[in-house]
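Asker: Straight from TrEMBL, here's the annotation block:
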BINDING   ASP20, PHE21, ASN22, HIS58, LEU59, GLY60, ARG61  substrate binding site
BINDING   ARG35, ARG109, ARG142  (2R)-3-phosphoglycerate binding site
BINDING   LYS192, GLU304  ATP binding site
Amino acid sequence: MRSIKQIKNIKGSRVLLRVDFNVPIKDGKVEDDFRIKKALPTIEFLQKEKAKIVLITHLGRGEESLKVVAEALNKYIKIKFVPDIVGNEAQKAIGDMKDGEIIMLENLRNEKGEQECSKVFALELSKFANIYVNEAFPVSHREDASIVLLPKILPSYAGFQLEKEVESLSHAFLNTKHPFLFILGGAKFSTKMPLIQKYLKLADHVFIGGALANDFLKAKGYEVGKSLIDDANYDITEELKNKKLILPVDAVVKSGDKLVNKKIDEVGKHEIILDVGSETTKNLASIIKDSKFILWNGPLGKYEAGGGGATKEILKLVADSKAESIIGGGDLVSVLSSLKANSYKQKANLFVSTGGGATLDFLANGTLPGIKALE
Ligand code: 3PG
């Protein structure tokens, strides 16, 4: 990948800057602007170098307007929002731009061509610029027009955060420090299974929490009551025998109206597992203490239902540990934000990934379609 520092004759160039501002929105406002903040160094660099910057992003599945996202970005840097993508309004606004100006076009997914990976759509967009920059790691696992086709049409470069994501996440399979602890939570057992198999080889310990653990516990013959499970028809006999695999030994369960800590073999038919229990947290804490590299994706419990205690406790331990640590996945990052966001996010040995699905795909495959397209 070429860095944006390698762009020649940048002054006055028109740069199509693909960002991922697919951010959570609540009551008409951006709820968490983490992804926006992480793209700022690239935007500021291009502006300082006097490029004309055209920001493009998607939001949700399409149809939503980026107006609120543009307002959130405007708090940090002055931009003009143009509610159009490839029409006359966009063409005129881009034609009128001065050096160092920034405009943001409307939600790319409002055009079918984006997700259909249409060459016609990519060609239309490419006419707006002479340089393409990908600063959209979280969507680089999608074969969308602005991710995989634009870099084939225009000279292409990687933004600073994209470079950091690739470098940091690669430590999970290149020059990895040991002991290496991989913590995987959340749900979607079938999607995460290839990752578990891979890291049972690469890591020293693989701890499974969240709804994911329920599938393992059920396969081991434990009662999981009414807990969330995937029920995918996966044979995990081999994985269960692997000594590196660590499962919860106790859990916080919802029993009637109460939340109680129970040993794993005491969970009842009508109960719901919401979090890993106190003994499990203690065991995990002692592994964290001895680890030199920690990779964590997905929360350990059902946060919204009161199962967030262990995730918070473990997050603090990971963030304060001396190990090189990587945390990823939207839910987990939101919990981190609710702790002591800024101090944790600036710790040199803690990397917080902006990706969700993209982080998992990168960890599983070592690259992403959007990254390959930049080569
Ligand atoms: C994300 O939030 O993970 C990315 O923006 C990708 O979004 P998508 O899953 O809707 O493609």
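FYI, residue positions are counted from 1 along the chain as it appears here.
Glycine too: its Cβ is placed from the backbone N, Cα and C atoms.
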Asker: Do you see any of the binding-site residues ARG35, ARG109, ARG142, LYS192 whose C-alpha is within 10 Å of ASP20 (substrate binding site), and which ones?
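Answerer: Cα filter at 10 Å returns ARG35.
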Asker: So of HIS58, LYS192, which of the binding-site residues has the fewest other Cβ atoms within 10 Å around its own Cβ?
Answerer: LYS192
Asker: Report, as a single number, how many Cβ atoms besides its own are within 10 Å of the Cβ of ASP20 (substrate binding site).
Answerer: 28
Asker: Starting from the Cβ of ARG142 ((2R)-3-phosphoglycerate binding site), draw a 10 Å sphere and report how many other Cβ atoms land inside it.
Answerer: 22
Asker: List those of the binding-site residues ASP20, ASN22, LEU59 whose Cβ lies under 6 Å from any atom of ligand 1, in sequence order, or write none if there are none.
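Answerer: If the test is a Cβ under 6 Å from any atom of ligand 1, the answer is ASP20, ASN22.
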Asker: Could you round the CA separation between ARG35 ((2R)-3-phosphoglycerate binding site) and ARG61 (substrate binding site) to a whole angstrom and send it over?
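Answerer: With the alpha carbons as reference points, the distance is 17 Å.
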Asker: Would you work out the biggest C-alpha to C-alpha distance among ASP20, PHE21, ASN22, HIS58, LEU59, GLY60, ARG61, the residues that bind substrate according to the record, and give it in angstrom as a whole number?
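Answerer: If we measure all Cα pairs in ASP20, PHE21, ASN22, HIS58, LEU59, GLY60, ARG61, the largest is 13 Å.
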Asker: If you count Cβ atoms within 10 Å of the Cβ of GLY60 (substrate binding site), leaving out that atom itself, what do you get?
Answerer: 12
Asker: Taking each of ARG109, ARG142, LYS192, GLU304 in turn, which of these binding-site residues have a Cα lying within 10 angstroms of the Cα of HIS58 (substrate binding site)?
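Answerer: If one measures from the Cα of HIS58 (substrate binding site), the binding-site residues that come within 10 Å are ARG109.
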